[in-house]
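If you look up Swiss-Prot, you'll see 3-70 marked as domain 'PAS 1'. Marked as domain 'PAS 2' by Swiss-Prot: 129-198. The domain 'PAC' annotation in Swiss-Prot covers 199-251. Swiss-Prot lists 283-410 with the feature domain 'GGDEF'. The Mg(2+) binding site feature in Swiss-Prot is assigned to D291, E334; the stated evidence is similarity to another entry. The feature site 'Transition state stabilizer' is assigned by Swiss-Prot to K296. For N299, H304, D308, the entry in Swiss-Prot reads substrate binding site. If you look up Swiss-Prot, you'll see E334 marked as active site, proton acceptor.
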Amino acid sequence: MITHNFNTLDLLTSPVWIVSPFEEQLIYANSAARLLMQDLTFSQLRTGPYSVSSQKELPKYLSDLQNQHDIIEILTVQRKEEETALSCRLVLRELTETEPVIIFEGIEAPATLGLKASRSANYQRKKQGFYARFFLTNSAPMLLIDPSRDGQIVDANLAALNFYGYNHETMCQKHTWEINMLGRRVMPIMHEISHLPGGHKPLNFIHKLADGSTRHVQTYAGPIEIYGDKLMLCIVHDITEQKRLEEQLEHAAHHDAMTGLLNRRQFYHITEPGQMQHLAIAQDYSLLLIDTDRFKHINDLYGHSKGDEVLCALARTLESCARKGDLVFRWGGEEFVLLLPRTPLDTALSLAETIRVSVAKVSISGLPRFTVSIGVAHHEGNESIDELFKRVDDALYRAKNDGRNRVLAA
């Protein structure tokens, strides 16, 4: 598929989005998709109130898509000025030999599949047969849900009762929206899932237990007909520990281990053009580059552990001086960066002076006072982040050469 053929997708009545997985940027949306987006970005479609997915980051889908696994995401779209849910099937295609794209194709539920009242109010679990043995003895929590009765839970196996902490009678008096942290917002999502054939990758939710605690869960849900009742079978897997480890790894990838500040890698990620637009700071922002004066002397004379104390104390001082929305990074060694959204040069200079004065007051046991030099620059026109950084680095160099413990503008 090449660029000049994208317009042919406008002939389709189903919505189609073509997305670059690595930049997570929308390449093309056909007319049906644009109608559902209104003023929303594709990122907002994936993170809206009705949005559910297996993975937050699109590159994590690539292996499964290459192996032709069935992957579904539910997006939050606009219909008649109201937000609602839309199921999409994901497919991997090669735009070029080196550039794969993920195609999100909307799955519109046929009108004949509207939810109809079932007989599940009279549902009685039978103790014999394959289904009963499978349901009762399975070690995974399982729920039978009736979407047509407001998400009523009509049966739960022993593993589910143990997981949620309810007895069978209480569990079967509940609706799925009562155990899902989305509350009633889960109903349009359930409506979408009830139309899918099953077999797709699981979706992630947060469920609430009887004791009030919450757990991250992965749910395999699909339609099933049992004893003449058209229900949904939901298999629940607790992924709380997995999520905790993922969050720890993600934090480690984006943050400096010693100071806890954002790291240089995250700075470059945030200042990518697409990210800057998302943060609404593409033009009007300033940059501070802060260097600890005579830091090598501190390390040589007092030891590296004291040097680490200086860096951590400086990090906390920068955080305390930063305003809401400012971003603080450890650049490397004894250098730090502040990204100041919607900040003109004079305001940035004033903040830099506040930082300089505050740092000079920091007291660390066993050490003399230390100071910082700060370069300041405001983004100009269409200059790149590298061009801006060179200007602020030059300003810092002049501040160091002019005697240190001072603030200079580019």
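Using the three backbone atoms N, Cα and C, a Cβ is placed for every residue, glycine included.
Here the domain 'PAS 1' (3-70) is broken down by DSSP into helix, strand and coil counts: 31 helix, 11 strand, 26 coil. Averaged across the domain 'PAC' (199-251), pLDDT in this predicted model comes to 89. E334 (Mg(2+) binding site) falls outside any helix or strand according to DSSP and counts as coil.
Below 8 A, the CB atoms of the domain 'PAS 1' (3-70) and the domain 'GGDEF' (283-410) form no more than two pairs separated by six or more positions in the chain, fewer than 3 in all. Helix, strand and coil content of the domain 'GGDEF' (283-410), in residues and according to DSSP, is 59 helix, 31 strand, 38 coil. Between the alpha carbons (Cα) of K296 (site 'Transition state stabilizer') and E334 (Mg(2+) binding site) lies a span of roughly 9 Å. Neighbour counts of Cβ atoms within 10 Å were taken for the binding-site residues D291, D308, E334; the minimum is at D308.
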